[in-house]
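Feature annotations, reproduced from TrEMBL:
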- 21-86: domain 'P-type ATPase N-terminal' (DOMAIN)
- 80-102: transmembrane segment (TRANSMEM)
- 280-303: transmembrane segment (TRANSMEM)
- 323-349: transmembrane segment (TRANSMEM)
- Asp397: active site, 4-aspartylphosphate intermediate (ACT_SITE)
- Asp397, Thr399: Mg(2+) binding site (BINDING)
- Asp397, Lys398, Thr399, Glu501, Phe542, Lys565, Arg599: ATP binding site (BINDING)
Amino acid sequence: MSLFGLKFRKKKLREVERQLQANNRDFNLQFEYANNSIKTSKYNFFTFLPLNLFEQFQRIANAYFLFLLILQLIPQISSLAWFTTVVPLVLVLAVSGVKDAIDDFNRHKSDKHVNNRPVQVLINGMLKDEKWMNVQVGDIIKLENNNFVTADLLLLSSSEPHSLTYIETAELDGETNLKVKQALTVTAELGEDLQKLTEFNGEVKCEAPNNKLDKFTGTLTLRGEKYALDNEKMLLRGCIIRNTEWCFGLVIYAGPDTKLMQNSGKTTFKRTSIDRLMNVLVLLIFAFLALMCLILAIGNGIWESDKGYYFQVYLPWAEGVNSASYSGFLMFWSYVIILNTVVPISLYVSVEIIRLGNSFYIDWDRKMYYPPKDTPAQARTTTLNEELGQIKYIFSDKTGTLTQNIMCFNKCSINGKSYGDVYDMSGQRIEINEKTEKVDFSYNQLADPKFTFYDHSLVEVVKLGDVPTHRFFRLLSLCHTVMPEEKKEGNLVYQAQSPDEGALVTAARNFGFVFRARTPETITIVEMGETKVYKLLAILDFNNVRKRMSVIVRSPEGDLTLYCKGADTILYELLHSSCDSLKEETTEHLNEFAGEGLRTLVVAYKNLDEEYFQDWIRRHHEASTALEGREDKLSELYEEIEKDLMV
């Protein structure tokens with residue numbers, strides 16, 4: 001009984017959380033985690049025949065002809081030889097089976113190609129080439145630029161400053177813009193030192209495998225210290241490493257446990273609308289056939305009763321038939337066999353051949369060929385291709401899916417004054433066009449030459465040192481998740497996960513508040529030519545419920561400030577009562593901006609008390625390292641501190 005209880009508890013633990021140690025295969029083997037081999041095929045050598053036949057007999061016509069074959073084996077009602085049904089049925093099943101076998105063979109081929117990709121795994125202090133399928137949970141692997149990510153990894157270190165790693169997630173979410181991941185400072189120190197990486201023995205506890213691409217909850221315990229892990233430190237299988245010479249990662253989920261495979265599901269037997277239509281038509285034909293056979297059987301029963309009974313000397317009844325009604329019953333099934341050609345079994349073969357030919361046309365389509373990468377269209381299955389021709393509308397939830405999704409800083413309202421419009425000498429607003437004079441940012445050596453703005457009054461206010469205006473642009477340069485790249489001195493390129501953030505940070509840059517660099521603990525800003533380093537104490541993440549993000553920073557002068565930006569409806573509820581009059585003016589400007597079709601948001605700040613903040617940050621650390629209810633605990637803390645803001 002105790003042994004059963006032990007096994008049950010161990011299984012339960014695996015369902016709730018995952019535990020692993022780096023560089024310790026013996027420890028990790030006890031949990032029987034899946035290896036990195038994947039399988040997307042439906043059949044193998046032994047299961048192909050039974051499974052494929054089961055799927056094919058779900059087609060009503062195939063099931064009907066099997067039923068017909070059984071009837072023909074009964075001598076009393078068989079009017080045709082059994083092979084007249086077997087031959088066409090076997091032919092139909094064979095054609096469909098060969099097509100399904102080819103499809104599944106291609107899946108096996110793809111699986112084999114992926115499972116045999118090479119990757120460098122750290123084993124006994126040396127990097128060894130291994131196949132993807134041999135990678136196990138807890139292994140440390142090295143990836144290089146343009147490599148596919150082998151499994152779901154915890155990023156440990158990389159070649160980029162502050163252990164940043166740039167990834168392309170097109171295979172996961174279809175987005176081609178690069179995303180930035182950053183390792184923990186404590187693991188970033190490992191660099192590419194194989195000795196240090198081999199000695200790394202951190203223990204990870206995290207959530208069980210799931211299909212949520214944007215969430216990850218876990219902790220890393222190293223040398224007695226506990227560190228919070230989230231999705232920003234994870235490299236997911238299916239991503240591609242970009243603009244990063246090398247990086248090291250610890251395998252957390254492998255093979256079928258990876259988020260990519262958790263989302264793919266099992267390969268199922270799919271029916272198209274034409275298949276369903278054919279089944280309905282065949283059912284109607286069955287009904288018509290049954291009606292014909294019933295009429296003929298009734299006619300036979302009546303004739304045998306009136307005439308045939310007296311002609312038995314010349315037309316004797318079959319052996320075992322002793323009444324006209326029984327003769328009619330047997331005749332019903334005989335007619336079912338005789339009239340079997342009414343059911344169009346060849347229709348299925350015709351459709352299968354048309355699908356196969358159509359898949360070749362898709363492969364050969366020149367308009368779907370992409371020359372820069374020598375990539376033709378590829379029909380991965382011949383089952384569903386006629387569905388493509390029936391698409392009439394595409395409903396998209398994001399403009400960026402179908403457009404370039406470029407955002408530009410257009411207008412702003414600071415301390416009750418609106419900027420962005422251009423006025424003539426008489427105070428009349430002028431329509432902005434190509435001839436309108438642009439603001440000259442040449443005084444700012446770090447300005448982005450592609451940025452355009454037309455309201456000269458905003459630049460003058462910034463140059464005069466207006467405190468609210470400076471605070472506004474300081475907030476824009478500090479409250480974001482953008483990563484800067486400076487390949488040449490002064491040539492700044494921002495890697496933003498959303499175009500909104502990129503536009504706001506670029507605007508702050510041109511108006512004299514240049515976001516220059518960031519580490520996990522600091523943000524470096526060049527404010528009106530003077531370099532300042534702010535300590536980054538906490539990031540209060542954006543999500544679809546909060547609809548805002550905040551940062552808590554300590555200025556070089558020692559001031560503690562919370563900066564927040566987000567949707568107006570949300571932030572207005574968090575403002576201090578002293579902002580009521582300013583809120584009304586700002587709302588008028590926001591309504592004007594929104595009326596012109598501009599995307600709007602509100603920014604606010606709050607000065608923090610040192611004693612209160614120290615207590616809050618302690619509770620924040622406890623919440624961020626909790627494995628259960630982490631999001632709820634953090635959300636409560638965010639709500640607590642994001643109060644009484646100043647717009």
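Cβ atoms here come from the backbone N, Cα and C positions, even for glycine.
From a predicted model like this one, the values you see are computed outputs, not experimental measurements.
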- Message: Could you give me three numbers for the domain 'P-type ATPase N-terminal' (21-86), the DSSP helix, strand and coil residue counts?
- Response: 31 helix, 1 strand, 34 coil
- Restricted to the domain 'P-type ATPase N-terminal' (21-86), the mean pLDDT of the model is 84
- What is the total of other Cβ atoms whose distance to the Cβ of Glu501 (ATP binding site) is within 10 Å? 20
- Message: A 10 Å Cβ contact count, applied to the binding-site residues Lys565, Arg599: which residue has the minimum?
- Response: Arg599
